[in-house]
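*Asks:* Supplied in C-alpha cells, the structure appears directly below.
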Amino acid sequence: MKTLLIHSDYLEFEAKEKTKIAEDTDVLNGKMDECLTVFIAVEKDDESDPDAVVKNAVDEIVKTADNLKVKNVVVYPYAHLSSDLGSPATAKEILAEIEKELSGDYEVLRAPFGWYKAFKISCKGHPLSELSRKITTERKEEVKKEKVVSKFYIINGENLELTEVNDEVISKMEDKGLLALLKHELDIKEEGKDNGEPPHVKYIKEKEICDYEPSSDAGHFRWYPKGKLIRDLLSDYVYNLVVENGGMPVETPVMYDLQNNAIREHADKFGERQYRFKQGNKDLMLRFAACFGQFMMKKDMYLLPKHMPLKLYELSTYSFRYEQRGELVGLKRLRAFTMPDMHTVCIDMKQAMEAFEDQLWMGLKTGDDFKTPYAIIFRFTEDFFEENKEWFFGMAKEYKQKYGKDAILEILPGRKHYWVGKVDMAVVDSFGRPIENPTVQIDVESAERFGIVVHDGDKKVQPIILHCSPTGSVERVLCGLLENAYLNTLENKPPALPTWLTPIQARVIPVGDKHAEFALEVATKLRASGIRADFDDREDSMGKKVRNAGTDWVNYVVVIGDSEMESSKLTVTVREESELKKAKKESLTVEELIEKITSDVKDAPKRPLPLPMKCSVQPIFR
C-alpha cells in the first residue's frame, strides 16, 4: 500500500462520474476542515494479508494524526500513487476497514472508490504537512506496548540551555548535519531528497570495491580485493582502538537456538527483522549482533568487582538482519554486515556512566580519524535524565568545547527498550540523510535476563552492561567515507579516501620505455617501505595512464621522464591537495616521497597491496 498524508486546512470533493468498478454509495460529495487527508493506493501485495495491511495503515494514520493533534481524517482512494494496484474488490474492503477502525476515535470522511472525482485541498505547508508512507503486510510482534511519545531538544553546550524542538527552531538551524539527523528523527521528508541512487553505490562498482552477489539473498555482497583490503584495514583500526581502551577480543557463533528463553526474549526485544529458520526440531536464528554469544560467555564467567569494568569485543563477521527488499540501499542498509561490537560489564550505574562517557569520546574519535564529522543525539528516559542532569550537561559542555557543536536530546517518558540511555552518532550522505554509525547504550535488563552476576563478597550483584560499536558496521563506515568523497567534489576537490585506506597509495608511471627500468626501481623502493605502490607498464598513452590513476583515486601519482631520471627529483601529483581541474604537483626525491606518505598515514593500520605490482597483469573484476 502506498499512502500520501497531507495535513490540510480542508479537503473538499465531488464525485462526478462512475467507472465500471465504482462502489455504490450515497456519499457523492463532502468536505472536512482541519483534517489529515490520507490518499491511498491498495497494491497487489496487500492481497496476501489484508488484515495486516489494514492494521499497519491504521497505526501509521493514528501516529501521524496524534503528532499533528488532529481528530478529523479523510480516507481518499488514489490509484495514481502506484503502478501495481490490487484488485478493486480487495481495495474496497481494505478502505472500508480502515474507515471502520478509525471511526471509534476520529471523525472520518471516506471518498467513494471507483469514481472520477473533483477535489480541492489546502495543505498547511509546515515540515510535517506532507508525508509519504509505504505500508506493508508485515505482522509486527504481538506485544502490548504502551505508546511512547518522545520530546526532542537542542542542547547548547556553551550555556547549557535546552530548547524544545518546534517548527521555528527547525527553520533557524544552521548545522546541516544536525538538522538532517533531527529531520530523520521527526520523520520529516523533503521532496527530491530520496530520488536516485546514492553516489556510493556507483563508486563501489566503479572502483571494484564490492557488488551485489546475484546468486545469494538480496542485500549480500561479494568483495573484490580492493574492497576486502579496505574492510580489513577498517577492522584492524577498530581492533587496535578497542584493545588500546581495554577491550578483550573474543569470537562467538553466528547461530542461536531460540528455545533458550534468554536468547528468545532478547531477540524479541530487539525488534529488528531477523533470519529465522527451522532445522530438525530446533528453531534457530542468525545473530543480528554479538550480544548473544558475549552474554552467554559472561554468564559462565566468575566475575569479581576487581574485574570491572570488563570489556569483551568481537568483530561479528557476519551479523544478519532481514531488511525489506525495498529498503536495501547499497552499503547503508543490507542484510549481512560486519559489526564491531563491545560489551562492558560495570559494577554499578556510576561506573557505567563513566564508561559511557569514555566510549562516547572513543566513538567521536573515529569520526576525526575518518574525516567524517558526526552529528549526535543523546537519548534518555525521563527518570534517568532527571537523576543525572549534571552528568549530561558536563558531557554536552565538553562536546561543545571540543567540536563547537550542539547536540540533540531525546527524552522518552518511559523505558521501551532494554536501555535507559544511549548516544547515536551519524554522518550525513549526499542526499542529506543520516548514516547512523557509532553508538553507546546503557543496558539495565540483559544481566538479569542472561543470569550475569558479579560476586561481591557474599553478595551476587547484577551489573549494568554497556553496548558499544565504536564505528558502527564496517560497511556503513565505508558508505560514509564514499558519500563524503562525493561531497568533496561539490567543493571543487577530487573524490578520495584517506591515504591509509586507499588501496593504491602510489602509482609510478614512466613516460616512455627508456624510463621503465628507473620507474620500476622507484615503485619497488616504495613497496619496500610499506607503501602500497604499483607500476603502470601498460601500452597506453601517457594521458590515459594519468586519467586511469585519477579514476583509481591514487593518492600519489609519480610521473618519470628524462628530467626525473637526470635529477632524481620525481614529479608527484598529490590528490588530496589538488582541485578538480587543477592538480597539485610537487618535486620530491624518493626518500622525501616515502617520508611524506609515511607522515600522511601516521600510525594507521598497514597492509600490503593484494594486487600484482604491474598494472598490465592486474585482473579486471567487473
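In case you wondered, yes, glycine gets a Cβ from its N, Cα and C as well.
Feature list, courtesy of Swiss-Prot:
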- 1-141: region 'Editing domain' (REGION)
- 199-498: region 'Catalytic' (REGION)
- CYS291, HIS343, HIS467: Zn(2+) binding site (BINDING)
*Asks:* Same chain, not part of CYS291, HIS343, HIS467: whose C-beta falls within 8 angstroms of the C-beta centre of the Zn(2+) site? Give them in sequence order.
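*Replies:* Going along the sequence, the neighbours appear as ALA289, ALA290, GLN294, PHE295, ASP341, MET342, GLN441, ASP443, SER446, ILE465, LEU466, CYS468.
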*Asks:* Just jot down the residues in the same chain as CYS291 (Zn(2+) binding site), at least 6 apart in sequence, with C-beta under 8 A of its C-beta; none if empty.
*Replies:* HIS266, ASP341, HIS343, SER446, HIS467
*Asks:* Which whole number is the mean pLDDT over the region 'Catalytic' (199-498)?
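*Replies:* Across the region 'Catalytic' (199-498), the average pLDDT comes out at 93.
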*Asks:* Helix, strand or coil: which one is CYS291 (Zn(2+) binding site) in, per DSSP?
*Replies:* helix
*Asks:* Does DSSP put HIS343 (Zn(2+) binding site) in a helix, in a strand, or in coil?
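*Replies:* The three-state answer is strand.
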*Asks:* With DSSP as the yardstick, break the region 'Editing domain' (1-141) down into helix, strand and coil residue counts.
*Replies:* 43 helix, 56 strand, 42 coil
*Asks:* Using a 10 Å radius around each Cβ and all protein chains in view, which of these binding-site residues has the most neighbours: HIS343, HIS467?
*Replies:* HIS343
*Asks:* Tell me, by DSSP, whether HIS467 (Zn(2+) binding site) is helix, strand or coil?
*Replies:* strand
